[in-house]
Amino acid sequence: MPNTMLSFKHLLRPVWGGEERKSWCLLLLRTMINGGNLVDNDSAVAGGVEDMYGEDIATMGQPVTPWTVSVASGYTLMRDPRHNKGLAFTERERDAHYLRGLLPPIVLSQELQEKRIMHMLRQYKVPLQRYMAMMDLQERNERLFYKLLIDNVEELLPVVYTPTVGEACQKYGSIFRRPQGLYISLKEKGKILEVLKNWPERSVQVIVVTDGERILGLGDLGCQGMGIPVGKLSLYTALGGVRPSACLPITIDVGTNNEKLLNDEFYIGLRQRRATGQEYAELLHEFMSAVKQNYGEKVLIQFEDFANHNAFELLARYSSSHLVFNDDIQGTASVVLAGLLAALKLLGGTLADHRFLFLGAGEAGTGIAELIALEMSKQTGNLIEENRKKIWLVDSKGLIVNSRKHSLQHFKKPWAHEHEPVSKLVDAVKAIKPTVLIGTSGVGKQFTREVVEAMASINEKPLIMALSNPTSQAECTAEEAYTWSEGRAIFASGSPFDPLEYDGKVFVPGQANNAYIFPGFGLGVIMSGAIRVHDDMLLAASEALAAQVTEEHFKKGLIYPPFSDIRKISANIAAKVAAKAYELGLASHLPQPEDLVKYAESCMYSPIYRTYR
């Protein structure tokens, strides 16, 4: 075997082109290692996808070979982000991989590199500069990027995700450096499968896809919405432990109706108005079919920031044939429900004892409302139609009531209740007398002083959730909620707010960030080999997150645990989601592991540098 290995490595020293040739070489090597067997059962990882690069099967103490097209060495190795270690290459590695002279003589540990990068990031005063520096690091040194993000998650989450990612998307054309992920435009119609095959990874487990029509609360950003799938998938890895090579960000470019972008010389997308109707539907159907054909039944497709009319339609159309998840509808609903379940410890009573008023009746608002009603049914056994009567929604035309039913979009109709029309939010608060006020409008400053004071006059502890992103679009700030309620509000927002002092007490605002849910949810789906997403799996994720809130957190007014514990939180969510998939008969990875939490932790990607032979 040693002689065979030596001759085979010698054979692969030239850099051969072509993905098929690379795959053939790796398969041949694996076959020789396994004594002629094409399948190495020990290399199966969470999701049933073979770990071609040895990212998971080897322990941290075992050396690995940095495979690319051939064994990566010298200049090529330093420019491969998956294997590059910068100044952390040891003396032995520098000799073995032809790095002598290509690096300064000093050897720096990963910890010292991390300290140096954090020092540099903190020098930047503009958030977008920090974002660009992090993206550059991701393209240069993948493991250091994730080590940095995991160890400094509370500080860096607002940099790689909301709110900074919103500004990054708005300016994506100007700051564009290297393409990340796949861009599938109308030009690729009829050959999307070929485009998917151009992606160098075959073992994809999670795809996050957007068409850029409704990016956060910023509207139609077209092709520049790519920042969202890229950011979401970096969190799948950092927070949920899904390995980077298994993640694929995709933007579907069907044009944009944003005149500013169409006239921007630096815009990187199609310069045409958005395709709609049959042309749009055919492109999306070809995409969904090609994904299933290329990656199989168990690849999780996460829809992200589609406009309402397309988001509901796509989820309804493909939920029975594909493993699909809409983060704006289902992820937001799950994280908000978790906050509500935790808040019951502060508010008292059961979920069914409370009244809910939403500002915003789009995919986020109706998605949250439906999941609340489902959880009520689970707790009380009541019909979901009865539970919906405790939940009221306000849209741009006022309170959604029966007299408006004929003109409502289909997803709003279940929330039309018997009541006289009310046009203003503050009047709706006074009429409905909600215990919980939730903002998903995408429009900032809608929770005015009058609205918050009305909530405070009705409730001893009003629960106010200003969920719209980014920070500029939040319905109110944390300071406004605490000040106008005289320090009695329980507050959570979509984007982060700093702790503040009011009347001698320090308040720590909660953040109802989807990043609490989707990474752990995705890991649970992957490790169980789930073939479909069921609503009960979303409820399981909410309950698992709520269970992570402790008495110590409640004393600070928090209804979400700190992000510093996010990997532990994600492992617990993954375990509950996987358990529910097994219970529902939707899991394909059998038998079920005895301890799902430990199994989830064992499946998580580690960003620690590897030792190279």
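Quick reminder: no glycine exception, Cβ is built from N, Cα and C everywhere.
Remember, TrEMBL labels are computer predictions, not curated facts.
Taken verbatim from TrEMBL:
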type	residues	note
ACT_SITE	Y161	active site, proton donor
ACT_SITE	K232	active site, proton acceptor
BINDING	R214, N469, N513	(S)-malate binding site
DOMAIN	138-319	domain 'Malic enzyme N-terminal'
DOMAIN	329-582	domain 'Malic enzyme NAD-binding'
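Structural mapping of features recorded in TrEMBL.
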| residue | record | Cβ contacts under 8 Å, 6 or more apart |
| --- | --- | --- |
| Y161 | active site, proton donor | G231, K232, S234, L235, N513, A515 |
| R214 | (S)-malate binding site | D220, D305, F306, A307, N308, A311, D328 |
| N469 | (S)-malate binding site | T162, P163, G166, L216, G217, G494, S495 |
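Every protein chain shown contributes to the tally, and the Cβ of N513 ((S)-malate binding site) ends up with 26 other Cβ atoms within 10 Å.
Once the Cα atoms of R214, N469, N513, the listed binders of (S)-malate, are compared pairwise, the greatest separation found is 18 Å.
Note on the domain 'Malic enzyme N-terminal' (138-319): its mean pLDDT in the predicted model is 95. K232 (active site, proton acceptor) counts 27 other C-beta atoms within 10 Å of its own C-beta, drawing on all protein chains shown.
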